[in-house]
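Report on the following structure.
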């Protein structure tokens, strides 16, 4: 019986190919794959001028595959190409029992493996709420909304604490493509144009965020972690992602099987999205100068134009009078108060009766 | 189609009547649109002194002349009075001026002369994925529609796309790396085609596909609908991007009914990117950013010395494939050529 | 009857649907030499804890997109995917790429 022709690496043409790249279907052996993958990330870093020598950079580390591979690769590239950056691991402890404790243990091992300093900031310390408490208060449905807002700020604050102005995260091409689709599916005009930017900065914040894995396929990151035998943690967050995002994720996976390059294709499209300029009606000119304008948004937040404002509640930098995290937490405090009453074991009937009586009280 | 120019004319303004082209695929949407336009025209003709506001040309790109005969029969009592013209065009007219376009491993694009003479079927079969074939077929049909509009002196083209179909196209274009084309392909307005101004309208953009299905049922058009090959039994790998996106909307529609209109709404807010654009040699769409430069910034194998000699858009580059090539028409006929070709045909 | 014994690994969080089992030895028997597809059904019949999770592993009669399959550390795309004929001692690793980063 003739032996099957072995799949040879299309780059070195010497070793057996172990994987096929989704973006161009090139077959590569392990060594060539490592080289190509690392070099491409270096190209992105160079092209986008992500770092400067002497810069302190915090790696948003969750213990998951993306951030673990990011830490490993940045360490490798920093040494190989002499970026001269100081890398620090920055982790957020959301306070999710059974999920975050295990993943933080992974990050602590990474700290040893990659010889990087590690800083952990917790929701509890920053906001006096753990995610578990938040969920018990507001339900699982909106958990991602809370967590998203709080994590963003927590990363910023953690970085500031360390005197760092640059946070890199492990967001990969799949995440980015998913965001592009989600923006379309949700009609999110505010994010449509900028969601494919490699570097972002929220207004008012001194912290720059970038995504060196912007063009890296999730599959390649998983393979890299697998072949390099990296120590990463892989359990879904206890509070699974909202159902609608899940549907977009499934669609993307199906699309990928008919068109392996589609993830990059979506990013290419996303980079071209431009909104029409809103037509301004020529009206009487208002004497108001821009700096005097205040905008009241639909969520009740009041915007202040000039940068460097601080949230009236927590004192953290914010473009609004009260920062987004505080607005969310304010809502929660109200329900926590209610919860405490309930926790005092007032039977339901009694509680109603109490309410009734309260209503008739007069001062 | 609330525009003044489609309204009933009085006196001798007959000359100003626009000619409107309605591309008919024999799908539910275009049949429903045809039915609505015919009753609109009928209404316009009710007044003895009034002259109908526009002239309708119904176009089918394909070979299905039998179906067109049946359709003509169905509307026979009004067609003559309404001056509706039915045309079937063989998509083979698309095949002309073939050249070979090849993409090197370094993403450089080269055009070489071609000695093969391939027919349309053979041209499409060069692409092994159904999705790429469908993408090119869609372009063939669109080209033939616009050429026919020019040939028949139509200044308006009305597409039967439903809201569901528009949402599908917006998402599918994005997935195919053609996001920059969304604005001019799917928003209503005038466009320039070989020096002629064409006004493109999607009158059914507010109507859901499910609503159109009901309309077709009520108006007895069901027997006219060309049954599409069912997607369901196909293996996932053999589906096209459009089919997958369409399925997606069908599944989320019940739980998230607002999704379709949301996508269409944001789609119409999109603008074409700014800046100088080149024209893709295969699909003639605008290329705002050279795909080669874009791909190079993330490719270890990049070779910046390799130069392209013709522009190719990102979507077509993916369809042709890195290291691949395809024979394809590489130019559009001029207006004069279109007119000459069509006179020969009729 | 043909019968082969292979080692299976469930990584990237996929072990959740197999009761936390990360490694397992499977013996697959079939009329024809067993393939990865046969193994897939064998796994769903013998290792899957909750039958409701069938769709997490299988879609349209093959391994669900988003689960990376490695046959002896090689991407199954290079080995004929689910038609690959199993050999005794093969290591088949299933890794979910869908879980958080």
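Backbone N, Cα and C atoms are what each Cβ position is placed from, and that goes for glycine too.
TrEMBL has this to say about the protein:
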DOMAIN    A:56-238  domain 'tRNA(Ile)-lysidine/2-thiocytidine synthase N-terminal'
BINDING   A:60, A:61, A:62, A:66, A:92, A:170, A:175  ATP binding site
REGION    A:277-301  region 'Disordered'
DOMAIN    A:309-339  domain 'Cytoplasmic tRNA 2-thiolation protein 1 C-terminal'
My understanding is the cutoff is Cβ-Cβ under 8 Å with a sequence separation of 6 or more in the same chain; which residues meet that for residue A:60 (ATP binding site)?
A:67, A:90, A:91, A:92, A:155, A:167, A:168, A:169, A:170
Proximal to chain C - binding-site residues among A:60, A:61, A:62, A:66, A:92, CB under 8 Å
A:62, A:66
Per DSSP (helix/strand/coil reduction), residue A:66 (ATP binding site) sits in helix
In the three-state scheme derived from DSSP, which category covers residue A:175 (ATP binding site)?
helix
Using the residues the record lists for ATP (A:60, A:61, A:62, A:66, A:92, A:170, A:175), what whole-number Å value is the largest Cα to Cα distance?
20
Residues near residue A:62 (ATP binding site) in space but at least six apart in sequence (CB under 8 A)
A:91, A:92, A:103, A:107, A:170, A:233
Excluding its own, the Cβ atoms lying within 10 Å of the Cβ of residue A:170 (ATP binding site) add up to 24
Do you know the DSSP helix, strand and coil residue counts for the domain 'Cytoplasmic tRNA 2-thiolation protein 1 C-terminal' (A:309-339)?
16 helix, 3 strand, 12 coil
Got a sec? Which of these binding-site residues, A:66, A:175, has the most Cβ atoms within 10 Å?
A:66
In this structure, the one of the binding-site residues A:61, A:92 whose CB has the fewest other CB atoms within 10 Å is A:92
So, three-state DSSP: helix, strand or coil for residue A:60 (ATP binding site)?
strand
Secondary structure of residue A:92 (ATP binding site) (DSSP, helix/strand/coil)
strand
